[in-house]
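Asks: Sharing a structure with you now.
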């Protein structure tokens with residue numbers, strides 16, 4: 001019986017590793033194909049893992065081209081500002097909602113969840129942005145998407161796991177609510193903060209439709225809009241004539257658009273699973 005159980009466990013483990021390996025390859029192979037094309041001097045048809053020839057000319061063009069430089073900077077500015085604003089508002093709402101002594105706590109929690117249940121679409125949001133005078137401004141990409149109900153719930157549920165006795169002890173010692181939040185609560189919430197920050201960062205960096213709706217000035221477009229122009233419309237100025245092929249430049253722009261997330265994610269990965277699990281289970 002024991003031998004049979006061990007055999008079944010081995011079979012389950014083998015199947016699990018096999019399935020995970022297959023899915024990993026399905027995800028990695030297109031990325032590797034795109035990545036090698038960014039260094040390749042040719043864009044011949046056919047699949048390759050390693051570049052045909054080697055050149056950094058495509059990256060040089062992308063980083064020196066004003067058509068890409070300004071949108072890349074706009075994306076960085078919008079993402080950084082959105083992240084700061086979103087985290088401040090999310091923590092500011094989630095912390096009081098996590099405290100049981102808050103008067104009307106259930107009502108406030110319902111109000112927070114209500115937008116998730118009653119999504120009104122883009123038209124009311126567009127009219128609000130227009131009435132506030134934010135059209136054609138980078139602020140229109142920051143404030144309308146400053147909060148996300150799902151992220152608030154994750155943060156609130158995580159903060160609820162902090163013992164009430166710890167908070168009460170700090171109050172007895174004379175700590176203000178702000179000091180408790182900054183000195184005790186936030187240092188204990190690293191996993192949830194990293195998880196929510198990653199969600200906000202990726203959402204802001206990949207934002208595309210908001211730019212189309214609110215921004216008319218090409219100088220204020222973000223990288224995602226330019227990426228769409230390159231990939232979907234094959235739009236390129238005449239200075240690209242000395243490049244090997246347009247296809248390689250398109251893929252290089254895609255890789256550049258992925259860089260910020262690829263750089264940040266490894267540092268947040270160890271917090272991500274813990275934060276999402278604890279923040280999603282309780283409540």
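Keep in mind that glycine also has a Cβ here, set from the backbone N, Cα and C atoms.
TrEMBL labels come from automatic prediction, so no person has curated them.
Since this is a predicted model, take the numbers as computed values, not measurements.
If you look up TrEMBL, you'll see 72-264 marked as domain 'ABC transmembrane type-1'. The transmembrane segment annotation in TrEMBL covers 12-35, 72-95, 107-126, 138-159, 180-203, 249-268.
On this model, are these features tucked inside or out on the surface, and what's nearby?
Replies: Long-range contacts of the transmembrane segment (12-35) within its own chain (CB-CB distance under 8 A, at least 6 residues past either end) are made by residues 47-49, 251, 254-255.
For the transmembrane segment (72-95), the list of distant contacts is 112, 138, 141-143, 145-148, 151-152, 155-156, 159, 181, 185-186, 193, 196-197, 200-201, 204-205, 207, 220-224, 256, 260: same-chain residues at least six beyond its ends, Cβ to Cβ under 8 Å.
Sequence-distant contacts of the transmembrane segment (107-126) (same chain, six or more residues past either end, CB-CB distance under 8 Å): 93, 96-97, 144, 149-150, 152-153, 156, 209, 213-214.
Counting only same-chain residues 6+ beyond the ends of the transmembrane segment (138-159), those with a CB under 8 A from a CB of the stretch are 74, 77-78, 81-82, 85-86, 89-91, 93-95, 97-98, 109, 112-113, 115-116, 125, 128-129, 185, 189, 191-193, 195-196, 199-200, 203-204, 207, 210-211, 214-215, 220, 222, 275-276, 278-283.
Outside the transmembrane segment (180-203), and at least 6 residues removed from its termini, the chain residues within Cβ reach (under 8 Å) are 79, 82-83, 86-87, 90-91, 95, 145, 148, 150-151, 154-155, 158-159, 162, 166-167, 170-171, 260-261, 264-265, 268, 271-272, 274-276, 278-279.
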